[in-house]
Number of protein chains: 2
Amino acid sequence: MEKIKIPKATAKRLPLYYRYLIILNEEGKEKVSSTELSEAVQVDSASIRRDFSYFGALGKRGYGYDVKSLLSFFKKILNQDTLTNVALVGVGNLGRALLNYNFKRSNNIRISCAFDINQDITGRILSGVPVYDMSELKQQLSDQQISIAILTVPSEQAQATANQMFEAGIKGVMNFTPIRISAPSTVRVQNVDLATELQTLIYFLESDEAAKESNEE
Amino acid sequence: MEKIKIPKATAKRLPLYYRYLIILNEEGKEKVSSTELSEAVQVDSASIRRDFSYFGALGKRGYGYDVKSLLSFFKKILNQDTLTNVALVGVGNLGRALLNYNFKRSNNIRISCAFDINQDITGRILSGVPVYDMSELKQQLSDQQISIAILTVPSEQAQATANQMFEAGIKGVMNFTPIRISAPSTVRVQNVDLATELQTLIYFLESDEAAKESNEE
DNA sequence: TGATATATGTGCATGATTGAACAATCATTT
DNA sequence: AAATGATTGTTCAATCATGCACATATATCA
């Protein structure tokens, strides 16, 4: 349906725009300018206009963008009109936290099943989500037509578990383990590496500090 | 001390390299080539070599890189020789999970104090970390000389809480709320937006799918 | 010792991303 | 109806990041 080629950087910002549009709409705002949006999402206003323009002329010159129509447009683009079910693989500390995380409110995403090998929790329902044994992965994913999974197992089991997931037909993985898992080319992996991000932050702070000191000299 | 200008993209990869070097070292490997590393961290080997070269000639032609010396070099660069204490602000589901997350093992980072407004948990010790009331923020951060914090409060309180943190002298924030908080220019904010990342993954999958279908026509 | 294989460090060309600037266009006011 | 003001959509130049390709240097083996 969509034949438009969207730059990667733009695609990453779309959900961000979408969320702010929801907020604006709830506040009852009818129009919004790229400058206003720019302040809220902290993206240059020209970039916002260009991002939008990939989808056509969505705004009106001298006026701005109509919140409601922009919202409903992005709702379609981002497949927010239908609920997306995802699976959670690995119900440890982080997994449990994600079970309680409300992806649904502004994103229409729902964790509809979870998997683990711990007999103490399999067969139970945690935070409203049934937890199955890993042996049921293939069957459940197929039954529920789920192709996206969140991976939150210990690093040592990351690759082996991922392989099972690919076997079971998973096409997209949000990988919370620090391991860069290798995957078939048909599968997309998004890495969320908490320790690395924190360490990068620290590194930048140190170099900020160093730069400041050398300026003072 | 460091006068080297490192590209942002490189800086983001450093912790990744560092972690794999630790693993290699534990496995007892003595040397490693950029090609080998490339497979593990999934970064082009030429990029790895260039990343390393910003710090000088760390390798030997025809041989590769000495794991131990590379490791100790990066340990210094990344300030891994001293423990970095950080604070956690907001002890909800995600906050609790992070309290249990082991940043220390491969990153020498430790959450040494947490803050919340919930009287049921303030004054207690959770997962080995003392939880203080928000009113003690300034005092504790100053006493413990902490300048980095993880923000995991509900979105509605994100900006107000962040302001308190800046007031208390925080210089780096890892922001888990979906709100783009505004901060003084002296403060660095790293956003980790879980819902957005998941949604971006879904978006890419959809467009992959669309591309495949149009190829089949 | 000489030949061969290996792997670094880097020049270069290409592609992606960004922000400034501005003409084009629309809304609003007089 | 004309003038004014606002804001888009887009061109352009500059910056950043990537991966190829290869000269250069080192190790290894005959």
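Cβ coordinates are placed from backbone N, Cα and C, and glycine is handled just like the others.
Straight from TrEMBL, the features:
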- B:16-55: DNA-binding region (DNA_BIND)
- B:GLY90, B:VAL91, B:GLY92, B:ASN93, B:LEU94, B:GLY95: NAD(+) binding site (BINDING)
- B:79-180: domain 'CoA-binding' (DOMAIN)
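Taken residue by residue, the DNA-binding region (B:16-55) breaks down under DSSP into 28 helix, 2 strand, 10 coil. Filtering the binding-site residues B:VAL91, B:ASN93, B:LEU94 for a Cβ under 8 angstroms from any Cβ of chain A leaves B:ASN93, B:LEU94, in order along the sequence. With all protein chains in the displayed structure included, the most crowded Cβ environment within 10 Å among the binding-site residues B:ASN93, B:LEU94 is that of B:LEU94. Neighbour density at the Cβ, taken as the number of other Cβ atoms within 10 Å, is lowest among the binding-site residues B:GLY90, B:GLY92, B:GLY95 for B:GLY92. Sorting the domain 'CoA-binding' (B:79-180) by DSSP state (H, G, I as helix; E, B as strand; all else coil) yields 36 helix, 29 strand, 37 coil. Note on B:VAL91 (NAD(+) binding site): other Cβ atoms within 10 Å of its Cβ, all shown chains, come to 24.
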